[in-house]
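S.K.: What follows is a structure written as structure tokens; I'll ask about it next.
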């Protein structure tokens, strides 16, 4: 019986190791997705997006333990994602029910009007404002639109004001 079990475990181990010998790496081809889901076809005569709806849930805890700016940047990056607006929903769940989280989300919504339009207009990556403005590479490289520099400076200034307002919220109590 022991020999049969050892043979079975050896066979199981071998089956587990085979996929690791030849791993599959996949990447998303956005042009193929666009052709499949957003081009008029017999299945989609209007050419409107046929992508499924997505619901994203962001859970937060006590604003003292989890910085409100991190939560706001997470929400902003979700709202700026390159996906049809009518198919995307973002929900914030605050376990503590803190009023501070509500105030932060109100500030984030007001800044989202600026940030989301900037991201879509100039195809900005990464979509998280903190990560984008802290990049070490040249932000003006490969940007051919003449209004990019002016827009970036305006959004950077508004983001700095946004950070000051968010970081000042806990002190205003």
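Each residue, glycine too, has its Cβ placed from N, Cα and C.
Keep in mind it's a predicted model, so treat the numbers as computed, not measured.
Under the heading UDP-alpha-D-glucose binding site, TrEMBL lists 59, 65, 66, 95.
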S.K.: Can you tell which of 59, 66 has the most other C-beta atoms within 10 Å, given these are the binding-site residues?
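M.R.: Of the binding-site residues 59, 66, the most buried by Cβ count within 10 Å is 66.
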S.K.: Taking the Cβ of residue 95 (UDP-alpha-D-glucose binding site) as reference, which residues of that chain separated by at least 6 in sequence fall under 8 Å from it?
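M.R.: Listed in sequence order, they are 59, 60, 61, 62.
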S.K.: Express in Å, rounded to the nearest integer, the largest CA to CA distance found among the UDP-alpha-D-glucose-binding residues 59, 65, 66, 95 named in the record.
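M.R.: Site span for UDP-alpha-D-glucose, by Cα atoms: 13 Å.
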S.K.: Within 10 Å of the Cβ of residue 65 (UDP-alpha-D-glucose binding site), how many other Cβ atoms are there?
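M.R.: There are 8 such Cβ atoms around residue 65 (UDP-alpha-D-glucose binding site).
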S.K.: Whose Cβ lies within 8 Å of the mean position of the Cβ atoms of 59, 65, 66, 95, the UDP-alpha-D-glucose site, other than those residues?
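M.R.: What remains near the Cβ centre is 60, 61, 62, 63, 94, 96.
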